[in-house]
Number of protein chains: 2
Amino acid sequence: MKRLDTREAGFEAAFDALLDTARDTTARVDGAVAEIISRVRAEGDAALLELTARFDRWQPRDATALRVTAEEIAEATASINPALMEALDTAATRIETFHRAQMPADITVPDPAGLTLGMRWNAVDAAGLYVPGGKAAYPSSVLMNAIPARVAGVGRVAVAVPTPNGEINPLVLAACGRAGVTEVWRIGGAQAIAALAWGTATIAPVDKVTGPGNAYVAEAKRQVFGRVGIDSIAGPSEVVVLADGAQDPARVAMDLMAQAEHDEAAQSILITDSPALADAVPGAVEAALATLPRSAIAGESWRRHGAVILVRDWAEGAALTDRLAPEHLQVMVADPQGLFARIRHAGAAFLGPWCPEALGDYVAGPNHVLPTGRTARFASGLSVFDFLKRTTWIAAEEAGLRATGPAAVALARAEGLEAHARSIAGRIGVD
Amino acid sequence: MKRLDTREAGFEAAFDALLDTARDTTARVDGAVAEIISRVRAEGDAALLELTARFDRWQPRDATALRVTAEEIAEATASINPALMEALDTAATRIETFHRAQMPADITVPDPAGLTLGMRWNAVDAAGLYVPGGKAAYPSSVLMNAIPARVAGVGRVAVAVPTPNGEINPLVLAACGRAGVTEVWRIGGAQAIAALAWGTATIAPVDKVTGPGNAYVAEAKRQVFGRVGIDSIAGPSEVVVLADGAQDPARVAMDLMAQAEHDEAAQSILITDSPALADAVPGAVEAALATLPRSAIAGESWRRHGAVILVRDWAEGAALTDRLAPEHLQVMVADPQGLFARIRHAGAAFLGPWCPEALGDYVAGPNHVLPTGRTARFASGLSVFDFLKRTTWIAAEEAGLRATGPAAVALARAEGLEAHARSIAGRIGVD
């Protein structure tokens, strides 16, 4: 854990070092991924069966055995204890409500020159959602990917989830069921991304692939980009907590550890204007770590990437936050909305002392798939917009073309595009 | 040119072949581009000076000489003939009006459980726009990239334009001036993209890079993606014209050639329910070609990639159009809005016999940077959305956390994330 103070000489260098530290330790796997994708394109289902046997260590009897049946989804759902199922249902309902509120409206733009202009939104026809298997199988991520797709109006939603040794987390299947996903494939890795993007005899291709995954999945998404759309490629998670002297160090420490427990490469940063809080939190973190089951991971993350930054005032705190452009931003000060209004770059914000980031991971409603690694400078969290695309349109009658056409003819000729010019000029009888 | 008829056996195979024909002949330049980017990152301005001398064949005296001065922009603007300047101004005004209408509103979502939820839009801080030099230097593209960025509220817009042999198209500079761009750099190729993404001592880095370019520019955009945001990577242009028997074959032919004249890899497709029009258009194309200055390019595009498809009815026509998902779609039938409503996938639509696509290239208002190569299935044209990003937010008071927290605690524990659970449970005094 680093401790920085904006009053100290050397602060800028230390902060730059914090910004520039690469936390992503992704191995280079592009060659291996390219080979898997080309095998799936060439051999289709046969490649999927062979690669599943090799990487997931179970042998599907044939390609139809890759699909999870409706009975299996129903059985998995029935196996979940009712209180947990109710929590999942609460989360799903709230996520759906928020994402419905995101839905944009078509526009028609009045035009004094007599054209009619507009912009129409449409969903993609089919989306493929990757869900990691094994220890990182998070049912909350199923909801966060599938619900925006369905709210956007995607006709077909297919989930791919690897089943190492043939095993699947029943809560993941229950989440699929609750989100209305009926097409679930037991495939994983680069081969799953390839099958979704290119299709096989058994699996129809999709138009958009979203969802988190390991280095192979991330690289496969990069390589199929262009053939299909993809969401962003997520790096390790991070939080910046802005807290003033009125905050409880133990709560601040647990908020920092909630991020750190994800992954050794996660990053938790406290920015405070209170020397007393800056002094108290590191000890509170050690006390929290002593009681946490994932303390090895969280402790490693804190030691490697954690930071406590003492600032003179919140103008400084806001400016540093914008330079960090964090995935998650907790604002625990007297006027959280006021401070949030001074910050431009963050994936998601959590306002006030009663709003720990974990609330947003599960039930609040906004998406938990968010831009990491300072990409909040230009990128956004997953939303209905990821599953929609726009078509602009222009409608012209003769009068509108006569009013606007001559300027287009002049510009087309200035660019040396005579057929462009004549396609207009020929209609309105000008040279 | 291919002629297809949905009534004929073998239609499906022929249409699939049309869909699968790769028109993009981009050379693989990834190694060369990676080297250029790493040189610019390591050597900064010195690399820019050397690479500009090598690739653009002029020797800047120092890094400050890479910047176009305000006087040069003013002089270029003064050199344009007034009628052309007026056309540029008409285009800029109309493009600005349309993109203002695209601007989305922030949302606040009411919540019966007592949280407050919302989503806020912000512009990126800085955008870099690439403008190709030489023969493909299109002032209209300057307007189409710079105006959405400025309407979105981007604080700093930097243009990079190569000046082969030190020369620059004055209309490109005039378009920069009209679009309010004051930061213009005489740099091009992969080195320009690297300088925008990573910055040098003279050029500050940006957050988003947009704009068309050659194979080196496209590959450089791919390689800097993640460090900065990019718009889509454009392939060759295409148009699908839907026309019924009432349309004039000569006008249809000129519309097809307006697309074909861009590039030998461009594609122009006519879909019609009229055997007479299907018979008449190929001859009208030959007649048009005989009169066009770019007939060599347009003719080659038409021979290689052009198609006339005869359909039984417009239900078939709409379905085939969706499979093509064209960049540009002209709809020249009795009820163009009605047919457009049945089509889901197109970058931009041009409705009615008085609406040639070229009108939208210049002055109508919607953007002319559009998804190519069937990517309109999932991608959209350039817009203010490319220069904006969203931050979702959650505000909680104690009551809201008490109402929604327990479900989050249950889900966090089901996922094995105890610090997540305790960051909530600790605040509301539950286990």
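Cβ from N, Cα, C; glycine included.
Note on A:Asn214 (NAD(+) binding site): other Cβ atoms within 10 Å of its Cβ, all shown chains, come to 19. Residues annotated as NAD(+) binding site in TrEMBL: A:Tyr130, A:Gln191, A:Asn214.
Residues or ranges marked as substrate binding site in TrEMBL: A:Ser237, A:Gln259, A:His262, A:His328, A:Asp361, A:Glu415, A:His420. Counting only residues at least six positions away in the same chain, the Cβ atoms of A:Ala408, A:Ala412 sit under 8 Å from the Cβ of A:His420 (substrate binding site).
The feature Zn(2+) binding site is assigned by TrEMBL to A:Gln259, A:His262, A:Asp361, A:His420. Classification of A:His262 (substrate binding site) by DSSP places it in coil, neither helical nor stranded.
A coil conformation is recorded for A:Glu327 (active site, proton acceptor) in the three-state DSSP classification, outside any helix or strand. Sequence annotations record features per position, and here TrEMBL assigns active site, proton acceptor to A:Glu327 (among others).
Cβ contacts within 10 Å of A:His328 (substrate binding site), excluding its own Cβ and spanning all protein chains shown: 26. Per TrEMBL, the feature active site, proton acceptor maps to A:His328 (among others).
Taking a C-beta cut-off of under 8 angstroms and a sequence separation of 6 or more, A:Gln259 (substrate binding site) has the following same-chain neighbours: A:Ser237, A:Glu238, A:Val239, A:Ala266, A:Gln267, A:Ser268, A:Ser301, A:His328, A:Glu357.
Under the three-state DSSP scheme, A:Gln191 (NAD(+) binding site) falls in the helix class. Across the annotated binding residues for substrate (A:Ser237, A:Gln259, A:His262, A:His328, A:Asp361, A:Glu415, A:His420), the two most widely spaced Cα atoms sit 56 Å apart.
Less than 8 angstroms from a Cβ of chain B: among the recorded positions A:Asn214, A:Glu327, A:His328, that describes none of them. Shown in sequence order, A:Pro132, A:Ala160, A:Pro162, A:Gly188, A:Gly189, A:Ala190, A:Ala192, A:Ile193, A:Gly213, A:Tyr216, A:Val217, A:Ala220 are the same-chain residues outside A:Tyr130, A:Gln191, A:Asn214 whose Cβ sits within 8 Å of the Cβ centre of the NAD(+) site.
In terms of C-alpha distance, the listed recorded positions A:His262, A:Glu327, A:Glu415 place A:His262 closest to A:Gln191 (NAD(+) binding site).
For A:Asn214 (NAD(+) binding site) paired with A:Glu415 (substrate binding site), the C-alpha to C-alpha distance reads 47 Å.
Taking the C-alpha positions, the distance from A:Tyr130 (NAD(+) binding site) to A:His262 (substrate binding site) comes to 19 Å.
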